[in-house]
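> Quick paste of what TrEMBL says about this protein:
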- Asn29, Val31, Gly56, Glu77, Asp105, Asn122: S-adenosyl-L-methionine binding site (BINDING)
- 36-207: domain 'Ribosomal RNA adenine methylase transferase N-terminal' (DOMAIN)
Amino acid sequence: MSVSLLGANEIRELAAELDVTPTKKLGQNFVHDPGTVRRIVQTAKVRSGEHILEVGPGLGSLTLGLLEAGASVTAIEIDERLAARLPQTVAEHAPGAQLDVIVSDALQVQDVPGEPVALVANLPYNVSVPVLLHLLERLPSLERGVVMVQAEVGERIVAGPGSKVYGSPSVKAAWYGSWSSAGLVGRKVFWPVPNVDSILISYTERDTPRGSEELRRKVFRIVDAAFGQRRKMLRQALSPLLGENAAATSLVLEASGIDPTARGETVGIDDYVRLAEAWQPEA
Ligand code: SAM
């Protein structure tokens, strides 16, 4: 299939035709560099025939890159004007390609027909973490993904225990799988140019089955408590949840093989899971 990607001129023409003034609120920074689009698609190892989920297709830059690789795409877009124009853009630039558009806030999506295998997206900056966690939770068919996010946020997501930027997004993301950086992306590939750097991060689903929804909730509650007071030792930070006082909490931590004097920022996902398994919250 012959596909032509969008360059700077096409992006400006499309925006002018739609009378779109990109908004910060919706993180509307559109990629106008075909090289960056192909880099994202190659990093995601998109293969012909795969069903890919994209969040925030915007004017269609990345969508066309995914279609060029032979994927079928389901795209979730909150902005009705952009969503309404996308099928026409695809018909013009990638005739015959398979695209489904869902007009919605990605945070409200409960299901995506056709079980997409990968999430590939240039995510809106201000909701990137909640969108990622929501979709990974709702769509277990997603085995892998590559997303572009604000560099500072991406560095937090891929961080491991002991890193200065390791925090609750790191542990929550690790509940679903393993994450790594696939490199920074310069500001100039976007229109309008954002005032922060971006990073590509890559996700692979964990090979062991995820725990139950009940276990996930417990892990996330513990993680929120641990990082809510990240300078405190776990025996203190977790005592409102796990025990009547620091001494009782120490016993629960020790029973899970965790040093009660450790801080949340040094503990990995497997330890948080063991702790959550040992914790029996009162109903
Ligand atoms: N993928 C396009 C590209 O690379 O040029 C646009 C990416 S732009 C960074 C983010 C896109 O996400 C915009 O099209 C915006 O309208 C859309 N968006 C913002 N918030 C959203 C949400 N909660 N759910 C779905 N789409 C959203």
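Don't overthink the numbers, they just go from 1 along the chain as shown.
Including glycine, each Cβ sits where the backbone N, Cα and C put it.
Automated prediction, rather than curation, is the source of TrEMBL annotations.
Give me the local environment of each listed feature.
DSSP gives Asn29 (S-adenosyl-L-methionine binding site) a coil state; it is part of no helix or strand. The Cβ of Asn29 (S-adenosyl-L-methionine binding site) lies under 8 Å from the Cβ of Pro22, Asn122, Tyr125, Phe190, Trp191, Pro192, Val193, Pro194, each on the same chain and at least six residues away in sequence.
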> Which has the fewest other Cβ atoms within 10 Å: Glu77, Asp105, the binding-site residues listed?
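Least crowded of the binding-site residues Glu77, Asp105, by Cβ count within 10 Å, is Asp105.
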